[in-house]
Amino acid sequence: MRPCQTLVHAALIVTQDKERRILENASMAVTDGIVADLGPRHEMITCWQPRHEADFGRCLLLPGLVNAHTHSAMTFLRGLADDMPLMDWLNKRIFPVEQKLTPEIVRLGSLMGYAEMLRTGTTACVDMYIFEKEAMAAADQAGLRCLGGEVVFAFPSAAFPGPEAALEETRALAQKYAGHPRLSIAVNPHSVYTTTPEILAACRDLARELALPLHMHLAETAEETQICLHAHGKRPVACCRSLELLDGPCTLAHVVDVTPDELDFLAQRGAVAVHNISSNMKLASGASPVPAMLERGMPVALGTDGAASNNRLNMFTEMGRAALLHKLTGMDPTLLPAQTVLDMATLGGAAAMHDNRLGSLAVGKAADCVALDLAAPNMQPLYNAVSHLVYAATGMENRMTMIAGEIVYEDGKFTRFDYDALCREMTSIRDFVRRQAGLA
């Protein structure tokens with residue numbers, strides 16, 4: 001018998017491998033944070049000698065979901081500003097509070113965001129915020145995978161006086177996390193309309209120099225397009241194209257107000273689009289033309305955006321809403337079938353992370369997985385596992401979250417931090433935010 005770190009048993013394993021196999025009454029062997037083998041349980045128990053055994057015999061095991069665009073720390077703003085247009089929401093509520101932030105608020109807000117993700121089946125995220133050093137430290141503490149980086153604005157933030165300092169912070173973070181098994185860094189210009197061509201060029205140059213991906217908001221609303229036309233005489237995608245900003249690996253959040261020609265360009269560049277359906281619905285920003293993206297072969301992922309504009313960080317919510325919205329707006333019930341949406345939340349997310357170890361459970365891939373209880377009322381009876389994951393599951397069926405072979409959440413308990421203490425800290429943060437927003 002071969003030794004392994006952990007042997008995980010499940011009623012079903014949705015592998016998301018190239019054949020999209022679903023294994024019944026199966027087991028997965030994990031060694032050094034990597035999937036060593038998968039197969040029928042009765043065979044695996046005769047082949048592998050584990051140090052630990054995790055029996056989720058009535059559960060469905062699937063690859064951990066990837067939240068491909070979020071601002072994890074913004075849990076501290078959840079419910080602060082609802083039912084407002086994007087620009088009013090940003091300029092009247094969000095940006096003023098963010099100018100008063102402290103590193104500790106960002107650390108705690110991020111940790112709460114990661115707790116929500118781990119609880120609901122997300123194992124990795126692409127994050128962007130201020131004081132991102134604290135967000136990355138929180139991700140390390142929680143055990144999550146994270147592609148993060150300091151957001152770059154043309155104006156001062158609470159963290160830095162200007163874009164030059166934010167880019168230097170990006171450089172420092174890239175050096176700090178080089179070679180880290182779970183954490184990596186991207187260059188994060190906020191958007192075309194909150195930066196300048198010179199700042200975007202500096203972001204491009206740093207990404208090229210350090211071989212980092214680029215992550216930004218792009219073409220989120222028609223209003224953004226008008227702002228860019230007024231300031232630069234070009235639409236947002238054209239601004240990026242003229243600067244060769246998207247010539248390297250890039251993850252683009254929203255991509256709503258785009259033309260067919262712009263989609264052709266983005267597809268040719270291999271850009272990854274992130275569909276943030278809940279946030280776009282709540283802010284009435286519009287919907288990404290996802291079917292048109294997929295027709296062009298564009299990688300498409302799903303993201304929650306921040307809790308201030310969603311208000312959840314739950315990828316099961318995003319899957320269900322994405323599948324339903326496009327059927328409605330396209331007046332076609334065959335658009336975005338369940339398997340396509342699950343692919344977006346897993347394999348598309350891996351593309352957004354620029355990490356081919358993620359997105360599926362196969363030999364040699366990262367042992368990042370979650371276990372959903374099939375005995376939950378909303379999961380009964382079971383005809384089609386993928387259908388249930390997209391249309392029936394809520395994320396609250398999750399019993400276990402494993403990242404790099406380590407169980408970081410199981411049956412209501414987080415293994416790496418004190419959740420009750422975190423809740424007490426969030427109450428203090430709420431009182432601070434109320435005062436800053438003039439709501440106390």
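Even glycines carry a Cβ here, placed using N, Cα and C.
Other Cβ atoms within 10 Å of the Cβ of HIS71 (Zn(2+) binding site) number 31 in total over all chains. Annotation comment: Swiss-Prot describes HIS69, HIS71, HIS217, ASP305 as Zn(2+) binding site.
Look at Swiss-Prot and you will find GLU98, HIS190, GLU220, ASP305 tagged as substrate binding site, backed by sequence analysis. DSSP gives HIS190 (substrate binding site) a coil state; it is part of no helix or strand. If you draw a 10 Å sphere around the CB of HIS190 (substrate binding site), it holds 22 other CB atoms from the protein chains shown.
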By CA-CA distance, flag whichever of HIS69, HIS71, HIS217, ASP305 among the binding-site residues is nearest to GLU98 (substrate binding site). HIS71
Fewest-neighbour residue among binding-site residues, criterion Cβ within 10 Å, set HIS69, HIS217: HIS217
Give the sequence-ordered set of same-chain residues, not counting HIS69, HIS71, HIS217, ASP305, with Cβ within 8 Å of the centre of the Cβ atoms defining the Zn(2+) site. THR70, MET128, ALA253, HIS254, VAL274, ASN276, SER279, GLY303, GLY306
Around the Cβ of GLU98 (substrate binding site), how many other Cβ atoms lie within 10 Å? Please give the count over every shown protein chain. 24
Between HIS217 (Zn(2+) binding site) and HIS190 (substrate binding site), find the distance joining the two CA atoms and give it rounded to the nearest Å. 6
Provide the three-state secondary structure of GLU98 (substrate binding site) computed with DSSP. helix
